[in-house]
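Notes follow once the structure below has been shown.
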Amino acid sequence: MEHGINFIQDFAVVLLVAGAVGWFCQRVGLSVVVGYLVAGVLVGPFTPPFSLVKEGGSIETLAQVGLVFLMFSIGLKLSVRRLRRLGFLLLAGVFASAAVVYCLTRAGGLMLGWSGTESLFLAAMLMVSSSSIIGKILHDTGCTHEKAGQLAMGVSVLEDVVAVVMLTLLNSLVQFGGVGQGVDLGQTLGMFGAFVVLAGIGGLLIVPWLLKKLSISAGEELQTVTLAGLLFGLALIAQKAGYSLALGAFLLGTIVAETPHRTQVERTFEGMREVFTAVFFVAIGMQIDVRLVGEWWWLIVGVAAFTVVVRALATTIGLSLIGTSVKDSMQVGLMATPIGEFSFIIAQLGVAAKVVPERFYPMAVGVSLLTTLGAPSLTKHSEKISVWALSRRPGWLRAWHGYYYTWIERLRARQKRNMLWQLSKKRLIQISVEVLLVTGLLVFSEPLFAMVESWLGHNWLFPHGPTVLFVAGMTLVVLAPLVAIWRNISALCLLYAQVSVSGHPQARKMAPVVEWAFRAVAGAALALWIFSLLPAGVGMKWLLLASVLLAGVGILILRRRLVYWHSELEVELQGALAGAGSAAMETNAPWLNPHREWKLSVSDCVLPDLADCTGKRISELALRPQFGATIVGIDRQGCLIPLPGPETVLYPRDKVLLIGTAEQMAAGKAFLQRVTGNPSGSEFEDVRMETILVPTGSPGAGKDLRTLIPSQGNHVQIAGIRRGETRVLNPAGDEVVGAGDELLVLGTPDQIHGFREWLEAV
């Protein structure tokens with residue numbers, strides 16, 4: 001009982017201090033994350049005279065819950081659809097930037113005399129920017145809808161993918177105790193890819209179907225509870241598979257982002273996410289020893305300066321390599337300097353595993369704080385800085401840039417004309433995905449079988465029953481993608497054979513021979529790959545091998561059925577990905593960089609729940625006459641209302657898109673987001689109907705309803721008119737009101753009272 005009371009006390013202390021310090025940081029223009037970290041320092045064990053938190057272990061457990069929610073929300077921002085829109089070329093540029101950061105950081109670590117593990121963890125911390133911090137800074141500076149700003153957001157989102165990969169590699173490194181202790185990079189990445197594809201395909205087949213069924217037959221609370229169970233379940237599966245909770249939560253977020261339910265999920269999980277994410281950052285702050293900050297302040301300042309220079313340089317190089325102009329690349333590099341949540345997680349992983357010194361914790365927080373403080377200025381002046389730097393390029397570098405971009409354009413044009421690549425690209429992608437899927441199924445079949453056998457027993461139903469049934473089921477599951485792999489390989493062998501003998505005098509006779517040679521090599525590689533992945537348990541490998549041989553007979557008999565099943569699977573996956581296109585329409589305005597001479601820009605703001613402007617028409621707000629800003633779009637619960645008319649009503653949580661000069665938009669956003677806290681006066685439950693008699697000489701007498709309702713301004717609804725013995729229900733707009741009529745009026749008490757006073761003003 002005392003333990004439970006202490007836990008509640010600690011939870012209350014953590015949330016209250018986090019709220020107070022977070023509010024203060026928000027008021028002075030800092031991110032609330034900084035406030036949460038400072039709150040953790042204040043209540044932590046390293047702040048004298050005593051710790052305000054008694055049950056640190058319980059807070060750590062809640063912090064893990066916060067990590068799951070944080071990674072889930074990050075995953076919701078990234079989907080296959082968004083990857084397609086950003087382009088896999090941009091993803092390649094982001095990985096190239098990460099490689100540059102890695103090389104420069106390792107070099108810096110060697111100069112400081114750090115170990116390889118310390119340099120690797122520092123490089124991982126600096127590879128990844130904070131998408132939440134960058135998004136807030138871009139929003140505050142009005143750069144969200146500019147070309148460089150949207151590229152910066154795209155880079156920060158794709159760097160989340162880099163962070164997930166690095167967390168996987170670092171987890172493997174921690175298990176072996178450090179760099180050079182037998183970590184097989186290729187095997188680790190291969191296993192990671194197999195797990196991601198296996199979980200992704202399984203999730204895309206199950207989660208959209210389940211959410212659709214729940215949306216039809218269950219209430220919103222049951223949908224939330226079920227999805228929360230899936231969230232923690234997949235996080236646990238990732239942990240059991242040798243990865244981290246973060247990976248499972250991130251994957252489920254990307255899967256849900258592909259469904260039409262993304263907006264609803266974001267809304268229902270918002271409260272839980274905010275609470276537990278705050279606890280996560282407070283828990284990080286609790287582990288910061290302030291004395292280490294004072295002792296290593298020079299290192300924190302130096303690493304922060306190093307971070308700004310290296311991240312700006314690396315992003316410029318990475319984006320330039322994929323053909324982005326040097327000016328835009330440099331602007332994006334200056335905008336994408338702040339590090340944040342992933343850097344904290346990486347530092348926490350290294351310190352907890354005791355593979356890096358404790359100073360990494362305060363260093364990560366200090367560097368994040370300094371880069372966040374400097375980011376607004378760098379973002380505002382990014383164009384001037386990039387123009388200044390480019391004007392001072394030496395001639396040879398300018399000439400090399402021109403030659404490189406010309407070569408990139410020629411390469412792109414040649415790629416579009418390369419018919420062989422265009423014909424084989426789709427099949428190569430399908431083969432890669434299916435190979436990773438089968439790899440995941442076979443690699444993780446052994447631990448899955450061990451779990452099934454522990455539940456059912458060794459001799460369930462008949463001797464070795466679970467083994468036989470599991471192997472038979474796994475064989476059936478693997479057969480369809482294996483048949484698809486072989487069909488794609490056969491098609492490629494035919495294509496490459498035709499191309500390789502093209503123009504030869506004996507091409508007609510040689511083509512079948514070359515095709516069968518390609519098939520023989522591919523078949524041998526396929527057999528070797530499958531055999532190397534078979535579980536090595538006692539008797540398991542030979543049992544699986546026998547199953548594969550028997551499956552060959554099954555393929556001959558069920559070939560058409562297997563092809564049909566695989567086609568159905570592809571249709572389901574493509575439907576899940578295509579259906580996400582309508583899941584959420586984003587208010588991304590056209591880039592206005594080519595029109596800077598107009599001094600117009602685009603920005604957005606979210607209306608608070610108690611904003612004074614909610615419930616009012618755009619025409620009532622007089623936004624353009626007062627401030628010069630114009631509302632050009634509204635994102636309402638994931639649905640875009642483009643170019644809303646003057647009669648459009650604004651509602652709480654609307655995301656409003658404004659166009660105007662910087663001063664006009666600042667004034668317009670301040671007006672739209674103003675909250676006085678005054679109660680609205682009436683609620684939905686107060687709506688009622690009353691009967692009002694129209695007196696002689698009333699200003700409403702002799703008017704039709706179409707004229708009457710707008711003129712009185714109280715927005716009541718006339719539900720009926722009684723005129724002598726005649727009753728008119730739901731009267732039309734051309735119905736004329738006369739003296740002595742009884743009106744059945746629907747509205748709130750205030751509206752009805754105002755309408756009555758206006759009607760009786762003789």
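Quick reminder: no glycine exception, Cβ is built from N, Cα and C everywhere.
Unlike curated entries, TrEMBL annotations are predicted automatically.
Pulled from TrEMBL, these are the features on record:
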- 590-674: domain 'RCK C-terminal' (DOMAIN)
- 677-761: domain 'RCK C-terminal' (DOMAIN)
- 12-39: transmembrane segment (TRANSMEM)
- 59-76: transmembrane segment (TRANSMEM)
- 88-114: transmembrane segment (TRANSMEM)
- 151-170: transmembrane segment (TRANSMEM)
- 190-211: transmembrane segment (TRANSMEM)
- 271-290: transmembrane segment (TRANSMEM)
- 296-322: transmembrane segment (TRANSMEM)
- 334-353: transmembrane segment (TRANSMEM)
- 428-449: transmembrane segment (TRANSMEM)
- 469-495: transmembrane segment (TRANSMEM)
- 516-534: transmembrane segment (TRANSMEM)
- 540-558: transmembrane segment (TRANSMEM)
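Within the chain carrying the transmembrane segment (59-76), a Cβ under 8 angstroms from the stretch's Cβ atoms is held by residues 10-11, 14, 53, 131, 160, 231-232, 235, 245-257, 262, 265-266, 269, 272-273, 276-284, 286, 341, 345, all 6 or more beyond its ends. The stretches the transmembrane segment (271-290) and the transmembrane segment (334-353) are in mutual contact, each linked to the other by at least three Cβ pairs under 8 Å (pairs 6 or more apart in sequence).
Confidence over the domain 'RCK C-terminal' (590-674), given as mean pLDDT on the 0 to 100 scale, stands at 80.
Fewer than three CB pairs closer than 8 A are found between the transmembrane segment (151-170) and the transmembrane segment (516-534), and contact between the two stretches is not assigned (pairs 6 or more residues apart).
The transmembrane segment (516-534) makes contact with the transmembrane segment (428-449), as judged by at least three Cβ pairs under 8 Å among residues 6 or more apart in sequence.
Beyond its flanks by at least six residues, the transmembrane segment (190-211) meets 165, 168, 223, 226-227, 230, 234, 237-238, 241-243, 247-248, 251-252, 254-256, 258-259, 261, 433, 436-437, 439-441, 443-444, 569, 572-573, 576-577, 579 of its own chain at Cβ-Cβ distances under 8 Å. Helix, strand and coil residue tallies for the domain 'RCK C-terminal' (590-674), in that order: 26 helix, 25 strand, 34 coil [DSSP].
Remark: secondary structure over the domain 'RCK C-terminal' (677-761) totals 22 helix, 25 strand, 38 coil, with classes taken from DSSP. For the transmembrane segment (334-353), the residues of the chain that approach it from at least six positions outside its boundaries are 33, 67, 70, 74, 117, 121, 124-126, 128-130, 132-134, 137-138, 143, 148-149, 152, 155-156, 159-160, 163, 166-167, 170-171, 174, 246, 281, 284, 287, 307-308, 311-312, 315, 360-361, 363-365, 367-368, 371-372, 374-375, 378-379, 382, 385-386, judged by C-beta separation under 8 angstroms. Long-range neighbours of the transmembrane segment (296-322) within the same chain, counting only residues 6 or more positions beyond its ends whose Cβ lies under 8 Å from a Cβ of the stretch, are 89-90, 92-98, 100-101, 104-105, 108, 122, 126, 129, 151, 155, 328-330, 332-334, 336-337, 339, 359, 362-363, 366-367, 370-371, 374, 378, 401, 404, 408.
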